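Trainee: Please read through the structure below; I'll follow up with questions.
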Amino acid sequence: MTTSLPLPAALRGFRLLMSAQFVSGLADNALLLVAIGRLAAEGGPVWLPPLLKLAFTLAYVLLAPFVGPLADRAPKATVMSAANALKAGACAAMALGAPVGPCFALAGAGAALYSPAKYGLVTELMPAHRLVAANGWIEVATVLAILLGTMLGGALLAWLAPAIAFAGLLALYGLAALLNLGIPDSGARYPAAPPLACQLGDFARANARLWRDPLGRVSLATTTLFWGVGATLQFLVLRWAEEDLGLTLAQAAWLQGLSATGVVIGALLAGRLVPLARAPQVLWLGVPMGLLLLPMPHIDHWLPALPLLASAGLVAGLFVVPMNALLQHRGATLLSAGRSIAVQNFNENASVLLMLAGYAWCSRQDLPLDLLIRGFGLGIALLMALIALHHHCLRHRLRHKEIA
């Protein structure tokens with residue numbers, strides 16, 4: 001469902017949405033680094049930080065059947081403000097010395113509610129022909145938040161005690177809440193959600209419907225793999241930078257930000273070069289995205305790591321933005337804005353949970369980092385080749401039926 005707002009008002013709302021997303025994402029990513037720093041200061045083992053991210057992600061999976069209808073129930077800017085309040089509460093609790101794990105689960109609950117409201121509002125404000133460009137800009141805001149948030153977290157770790165750093169991040173959540181309040185109501189309204197007891201069945205049917213749709217299936221499979229890969233790669237790169245390149249955690253965070261810079265450039269190029277109708281053509285880019293990881297174990301200095309990480313980020317940005325736009329378009333067409341994003345979040349974050357749990361287990365078994373990186377890169381390339389081949393065969397079969 002699209003907005004009843006005139007285009008200038010819709011564009012103004014989109015710009016505010018993008019700004020709010022950037023500030024909120026900035027705080028989220030800095031929060032993760034500061035929390036990892038606190039665990040390190042407390043002498044936590046190497047396999048504990050991935051479990052921190054896992055606690056954050058678990059909320060996405062467990063709450064997915066309920067947050068979609070909830071995001072559709074009220075104006076989405078209001079929902080986003082409530083979600084930010086949950087994340088700010090988690091940050092405040094950590095500043096006061098509360099255990100990091102449960103606090104990150106609370107922050108994850110806020111993020112789980114924020115996401116369907118944010119992406120649902122994009123589909124309400126923007127017509128279909130603007131979705132790839134809009135997603136490109138949202139991806140730019142998201143990745144810039146990852147880049148600068150990671151750097152901010154590293155800087156806070158270097159300059160401040162964790163408790164003071166947590167307190168400083170509260171100001172960012174406050175600014176995001178103010179920006180959310182300025183976003184106009186899109187005017188989109190949806191049927192009332194089913195009773196709570198029926199929402200699990202309703203969610204399961206929505207999930208199955210999106211997986212049965214040919215374009216929905218290929219785009220959902222792709223983004224599901226991508227986000228699981230991205231979350232795990234965040235920890236792999238941090239560990240690689242510390243162990244193989246000899247960097248501190250703060251320096252590793254800055255190096256990781258370079259990959260995010262590549263994603264920003266790729267996202268901008270995708271928004272300009274790839275219309276929605278041609279989105280499936282970028283599927284094969286997933287193969288070089290995996291292969292670009294293979295040289296990492298042979299690098300022992302930060303300088304040659306720069307072009308490698310930037311190139312991997314560029315390919316990832318070109319690849320994921322059209323897929324995300326296609327998935328949102330099919331989801332909003334088949335379901336509703338909030339429900340489709342909740343289904344997307346469930347699948348993507350289930351992938352994050354599985355991959356992070358696997359990485360944490362491998363780390364606890366003391367498997368060599370070089371082996372993990374090579375296996376990870378080859379696995380990505382193989383899975384993306386299979387997804388692209390599946391879509392190619394499906395298109396060929398449909399074309400053959402039309403001719404017959």
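Glycine too: its Cβ is placed from the backbone N, Cα and C atoms.
Given the structure is predicted, the values throughout are model-derived calculations rather than measurements.
So TrEMBL lists the following for this protein:
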TRANSMEM  20-39  transmembrane segment
TRANSMEM  51-71  transmembrane segment
TRANSMEM  91-115  transmembrane segment
TRANSMEM  136-157  transmembrane segment
TRANSMEM  163-183  transmembrane segment
TRANSMEM  218-241  transmembrane segment
TRANSMEM  253-270  transmembrane segment
TRANSMEM  282-299  transmembrane segment
TRANSMEM  305-327  transmembrane segment
TRANSMEM  339-359  transmembrane segment
TRANSMEM  371-389  transmembrane segment
Trainee: Using Cβ distances below 8 Å and needing 3 or more such pairs, separated by at least 6 in sequence, tell me whether the transmembrane segment (163-183) contacts the transmembrane segment (91-115).
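Mentor: These two segments touch.
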Trainee: With a Cβ cut-off under 8 Å, give me the same-chain residues at least six positions beyond the ends of the transmembrane segment (20-39) that come close to it.
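Mentor: Tertiary neighbours of the transmembrane segment (20-39) are 48-49, 52-53, 56, 80, 84, 87, 91, 94, 100, 103-104, 107, 111, 114, 118, 138, 141-142, 144-146, 148-150, 152-154, 156-157, 162, 165-166, 169, 172-173, 175-176, 179-180, 183, 249, 253.
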Trainee: What stretch in 51-71, 91-115, 305-327 has the biggest tally of Cβ pairs under 8 Å against the transmembrane segment (136-157)?
Mentor: 305-327
Trainee: Verify whether three or more Cβ pairs under 8 angstroms connect the transmembrane segment (51-71) with the transmembrane segment (305-327), leaving out any pair fewer than 6 apart in sequence.
Mentor: no
Trainee: Look at every Cβ pair spanning the transmembrane segment (339-359) and the transmembrane segment (218-241), keep those 6 or more apart in sequence, and say whether at least 3 of them are under 8 Å.
Mentor: yes
Trainee: By a Cβ-Cβ criterion of under 8 Å, what residues six or more beyond either terminus of the transmembrane segment (91-115) are in contact with it?
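Mentor: Non-local partners: 24, 27-28, 31, 35, 38-39, 51-53, 55-60, 63-64, 67, 70-71, 79-80, 82-85, 162-163, 166-167, 169-170, 173, 341, 345, 349.
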Trainee: Taking residues 6+ outside the transmembrane segment (253-270), which of them lie with a CB under 8 Å of any CB in it?
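Mentor: Same-chain residues near the transmembrane segment (253-270) but 6 or more away: 33, 132, 136, 139-140, 143-144, 146-148, 150-151, 153-154, 234, 237-238, 241, 245, 247, 282, 302, 305-306, 309-322.
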Trainee: For the transmembrane segment (282-299), give me same-chain residues lying six or more residues beyond its boundaries with a C-beta closer than 8 angstroms to one of its C-beta atoms, as numbers and ranges.
Mentor: 218, 222, 225-226, 233, 240, 244-245, 270, 274, 305, 308, 311-312, 315-316, 318-319, 322-323, 369-370, 373-374, 376-385, 387-388, 391
